[in-house]
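Only one structure is covered here, and it is reproduced in the block below.
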Amino acid sequence: MAAGRIVVVFDFDETIIDCDSDNWVVDELGFTDLFNHLLPTLPWNSLMDKMMKEIHSKGRSIEDISECLRRVPLHPQIITAIKSAYALGCDLRIVSDANVFFIETVLKHHGLMGCFSEIHTNPSFVDEEGRLRIFPHHDFTSSSLGCNLPCPPDTGLVIERIRDSVFAAGNKRFIYLGDGIGDFCPSLKLGEEDFVMPRKNYPVWELISSNKLLIKAEVHEWSTGDELELTLLRLINTIINEEKNTSSTTYSSSSLNISEDFRFQMKTVFSYA
Ligand SMILES: [Mg+2]
């Protein structure tokens, strides 16, 4: 299997970046108290839209928000992991409950924008007054997954849609990385040929750990950017080798050894990064 048939789906907050981008912007610009005061009164995305209105009304510009986002903590090895997976030919996508402006600002700043074929998140735009508007992508009134988890209602459906679209072009293998409650439904959608990478000691890891029988995909936890990079590239290598050596049953997917062939590929990738 060519790496192009490997689909890597990332959550954004607390997965690609090491914080929640909404909280980061609110806190960095000094609006935490107002945010906490309004939190019980509005759905999250409506609250973020209102916070952008408040921030704008206090004279903070869209550039102030951009500057803030450019300082978001993003582990250097996660940047390397994304660039390496892309250079190896994987199809990289983001499914997030943040918004287009926040995600694109961070990705562009780190030179990662071109690595992703799809960013599925809440729409946002800068209006004629220079205020950032944020709209919910999904319909809060319906939860078509039929589960009781307090996650964005369509997160699991997005995975199904991605799966449907990529299956049309042939068999695909998924690697899904996430941290939050909203990443549990997508994890349930993965098949036994897929991999899920929950962030250790975060809500999705706890849900997966206590519902192991519901998860068909192979589970590989991670904590730090270094572990994310090592684990993700090892899994990509595993899939490539499994497909290359379909007749061999000796390969262990839990092996920490990265093949010499793969090391050579990675050297090539890094020399062009
Ligand atoms: Mg998250």
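Using the three backbone atoms N, Cα and C, a Cβ is placed for every residue, glycine included.
Keep in mind that this is a model prediction, so the values were computed, not measured.
Taken verbatim from TrEMBL:
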- D11: active site, nucleophile (ACT_SITE)
- D11, D13, D179: Mg(2+) binding site (BINDING)
- D13: active site, proton donor (ACT_SITE)
- D22, D97: substrate binding site (BINDING)
Mg(2+) site, defined by D11, D13, D179: further same-chain residues with Cβ within 8 Å of the Cβ centre: F12, E14, T15, I16, D20, S96, G178, G180, G182, D183, R199, Y202
DSSP-derived class (H/G/I helix, E/B strand, else coil) of D22 (substrate binding site): helix
Listed recorded positions with Cβ under 6 Å from ligand 1, out of D11, D13, D22, D97, D179: D11, D13, D179
Number of other Cβ atoms within 10 Å of the Cβ of D179 (Mg(2+) binding site) across all protein chains: 22
